[in-house]
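Report on the following structure.
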Amino acid sequence: MSFAHHYTEIVMVGPDKSGTTSLLNRLKRKNVPKGVLPATIPTIGSNIETIRHERHTITIWEFGGQDKIRPLWRFYYWNAHAFIFVVDASAPERFAEAGEELSRMPKSRDIARFPLLILANKWDLVKDDTMDLERIRKELRVEELEKLGMVVGVMAASAMTGAGISEALDWVVERVSHELINSHNEDKKHVIQQQ
């Protein structure tokens, strides 16, 4: 068993009001009691935080989800070793919109080799008895992403209670290999040197 320290960069995006900022604040303020939502304001632009998770140092780039900001997401994808796409599980009427944004991600750059976690946030607010992760997989057309060779996970979480957040980070870091990180970092270095 290796006890080496690992460094991972994650880009976290999602439509406005999906809770990306609340999730990020829950991660960086672990002392906030469960059931108390860390104070947030809507992200205009981005937030960048570095956190520790077990033996990993993780830098998370979180971006606002407003319509006018979404086209800018793709310019930051090259920073990532993995992606978290956040949806509001309590707002199924916005799943089609989320699915459209999600389908644009692999077209933005060759990100199919990087793990993608779809995090169904606000699970504690779900009132619909028919809501489950399989429904989210179908409505967001995850199968189409998997056909491109992407490793995609779908998990439930709550920024309010903290439920599922640690498990989500576990899922991501378990799927990011050192070979992938090293290869990606070399690619980035090559691009920067050519500029």
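Count begins at 1; order follows the chain as displayed.
Just so it is clear, glycine is given a Cβ too, placed from its N, Cα and C backbone atoms.
According to TrEMBL, the feature GTP binding site maps to Gly14, Pro15, Asp16, Lys17, Ser18, Gly19, Thr20, Thr21, Gly65, Asn121, Lys122, Trp123, Asp124.
Look at TrEMBL and you will find Thr21, Thr43 tagged as Mg(2+) binding site. The DSSP secondary structure for Thr21 (Mg(2+) binding site) is helix.
If you compare every pair of Cα atoms in Gly14, Pro15, Asp16, Lys17, Ser18, Gly19, Thr20, Thr21, Gly65, Asn121, Lys122, Trp123, Asp124, the residues listed for GTP, the longest distance is 21 angstrom. Counting in whole angstrom, Thr21 (Mg(2+) binding site) lies 10 from Gly14 (GTP binding site) by their C-alpha atoms. Listed in sequence order, the residues of the same chain lying 6 or more apart from Lys122 (GTP binding site) and placing their CB within less than 8 Å of its CB are Ser18, Gly19, Asp88, Ala89, Ser90, Ala91, Ser158, Ala159, Met160.
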